[in-house]
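To keep things clear, I will list the structure first and then write my remarks on it.
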């Protein structure tokens, strides 16, 4: 099997050493090199060759990570994993990096916590393998808006948003995604002029980053977007993002539907888990649920989608051509739980048509 050539770019020597130590015994991964900033990295690429995967810090001297990311994605795309702290400023920049072409996000190692490092190793290796399997391509409509354009539209969007009580009996949409999913979710939500049903989204993401994702999406979408909270009553024209490191479910209470946020072990190797969300839709919504599984590594969501399909719900998968990683959708298709496979554009049309 061909080794994955990994390059680590971080201005902290300790972080570079720690990440190198976590993967050094993995036979499938070769550490091609390390650098303290992107300028050094680009110089080293001339002798080492281009890596398959980059682990990239954001705040660095001479050139920050996002500037470097945009440069390589426009010239010679390389699968990039963002390594970021969970502080609000760091998480907002991490979300910007995902929207600029990064395919995975990991939390910067807590170097003083042994258990954190032990837990990080498995997640780190999964992220590296997922990134190595990703298909990198530029989608023109996903090009980042300028900051001024976003600021100009934000106030208008907020003023026009209307959230009304959602009455049981109508459709509710569940979306699950992982590697490459943030870009697709942004395209979907920002392309919707309006939507009359609630949308629940489970995106694989570490704790501390999902609030920033929701805030960012809310600022550029016509519908409301929020990080889900336990007890939230579903409202129309609203998207709810599952908080990192928890599971999100839907529960019917009389004629209303509410969100339940629960702790517990990882399901299908993930927390939040798409399977957990889809299974709750099968149990609580039955035929009124609509399931959509997007790009991502692994099989999370496939079994839950099959349960939705078996109970009579409509289920859809992102097609292979438009996926960054055709893993989760492929597993759902192989299990026989998908009604149709669709492009991103067709998924947007589908959501707009659901009442």
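Residue positions begin at 1 at the first shown residue.
Cβ coordinates are placed from backbone N, Cα and C, and glycine is handled just like the others.
Automatic prediction, not curation, is the source of TrEMBL annotations.
Note that the structure is a prediction, hence the values are computed from the model and not measured.
According to TrEMBL, the feature active site maps to 178 (among others). Long-range Cβ neighbours of residue 178 (active site) (same chain, at least 6 residues apart, Cβ-Cβ under 8 Å): 130, 203, 204, 270, 274, 294, 295, 296, 297, 298, 300, 325, 327, 328.
In the three-state DSSP scheme, residue 204 (active site) falls into the coil class. The 10 Å shell around the Cβ of residue 204 (active site) contains 30 further Cβ atoms across the protein chains shown. Marked as active site by TrEMBL: 204 (among others).
Annotated active site per TrEMBL: 300 (among others), in sequence order. Secondary structure from DSSP puts residue 300 (active site) in coil.
The feature domain 'Response regulatory' is assigned by TrEMBL to 5-123.
Annotation source TrEMBL lists domain 'CheB-type methylesterase' at 166-355.
Sequence-distant contacts of residue 57 (4-aspartylphosphate), defined by Cβ-Cβ distance under 8 angstroms and a gap of at least six in the same chain, are 9, 10, 11, 12, 15, 65, 83, 84, 108. As annotated by TrEMBL, 4-aspartylphosphate applies to 57.
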Across the domain 'Response regulatory' (5-123), what are the DSSP residue counts per state (helix, strand, coil)?
55 helix, 26 strand, 38 coil
Among all protein chains shown, how many Cβ atoms are found within 10 Å of the Cβ of residue 300 (active site), not counting that one?
30
